[in-house]
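Under the heading domain 'Exoribonuclease phosphorolytic', TrEMBL lists B:32-165, B:192-249.
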Amino acid sequence: MDTSEETSQSEYILRPMNCELNQLSMPDGSAMLMQGNTAVIAGIYGPVEAKPQKMIYDKASIEVSYSPIKGPTKVDDRMTEMYIKETCEAAIIVTFHPASAICINVQELEDSGGMLGCTINAACLALINAGIPMKFTFAAVNCMIQEDNEDIILDPDSIQLQEAKAEFTFAFDSMDKNVICCYTTGCFTETEFLKAMDRCKQASQYVFDFYRNLVKKYANVI
Amino acid sequence: MDSQYKIIHPVKYLQDHLAQDVRPDGRQFLSFRSISVNISSITHADSSAIFKIGNTTIVCGIKAELAAPKAESPEYGYIVPNIELPPLCSPKFRPGPPSDQAQVVVKLIENILRNSAAIDLKDLCVFKGKLVWVLYCDLMCINYDGSIIDACIGALTATLNTLTLPETLYNIETGSVSVNYTKRLKFPIKALPVSVSFAIFNDQLLIADPTDDEESLCLGRLTIVMNEDKICCIHKPGGIPISQDLFLRSLTKCKKRAELIRSLIDAAVSTIKQEHLNE
């Protein structure tokens, strides 16, 4: 009985997460996040004055730049940028800062699976660190379905991903745990999708708890 | 009066319509625009199609060329999709290098083709390690009125479905290539992915097949791509958080719509076959 409970507990556990805030001195907020061996660093400038061509008169424009570890930014990275941009846009109260810009810069440090999820989480932590007003925080969780036994594995690393039939990345909001963003690769059925979403939703609580503990540690003055 | 109101106050114009349970173009929330498919319209391409969803029009042409394969994948051909969003199709676009949106759409199309396993790249191999086909799939937007991914996937699958490649022989001893243009072989397609887009507004309001106006004012977008019975892509880049219930509703709606589009493409393809038989 005990062992079954233990496994059901550890089913929701993700790879160990480590984060350091205020790693960079120039940005208004920064976060270096490690999920297992996947590591990124995110820095936020904002709200700053927007360039005339990118200015939106009634809300803040969000600019995201994602730099991979090697080589220049490619077409693949535009997709990552779009996901980060639209997910952050959903959370930030953009109408608070009309005609200004919030620049989110993410640098990949090491990729060992679950890169998109890690960048989204790092962006969220950097936004918290920068003190940008948000409607809710968000947490991304990665999972995959195994090729042979159709098991769902949460937060797989790059070795496990080689045996993946399908891979999912979900981002949830902290209030109702609804889905903000959803990225999939591979072929899957509706039930598999819903099951994966459910598992990730439960696991997202772990990420939110991590955020809370981290902020408690850094914001001891408050 | 109506058109002035729309220009001065686009957000309120749309919201007033939605409050009355109707959309500005008179459709119900979950009804789709009509589609039309025209196949083999461009004679110089190896195969082509024009796909229209309402006003959105995409022209797709495939050009096949012979090339040497990559050393690490000697028996795989390539498929190179590309989309052009010229200023002609919408005032949103400027002339110049491909916009971020065009790049994201291309990446998405590439992902969908790979995930749906519609094409086995081994079928493009002429001689292992020496010669493979490269399919340049050029998509051109003529009129941009929302649901661009649906139209692109529709045009691309219709085009791939009618693709024929000339019989090619590679002589290993002399290294010469002989292409027999008179004898063309049908290229096998393993699956027919169909994409369906939705827009999400306040209070979890789901709208199917959004137009450009609706798309630019919506709070979230969702695209689902389905094979016969499997889902091969769910693309929601961000925007307003949505519940599981909304996913279920959009999935059931998507299944029905996918059947219709598939039968339409099949019908268009079969007319081509008929013409060939009559000749």
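Counting begins at 1 with the first residue displayed.
Backbone N, Cα and C define each Cβ position, glycine as well.
Residues in the domain 'Exoribonuclease phosphorolytic' (B:192-249) partition by DSSP class (helix H, G, I; strand E, B; coil) as 12 helix, 26 strand, 20 coil. Counting residue by residue with DSSP, the domain 'Exoribonuclease phosphorolytic' (B:32-165) contains 35 helix, 49 strand, 50 coil.
Summed and averaged per residue, pLDDT over the domain 'Exoribonuclease phosphorolytic' (B:192-249) gives 93.
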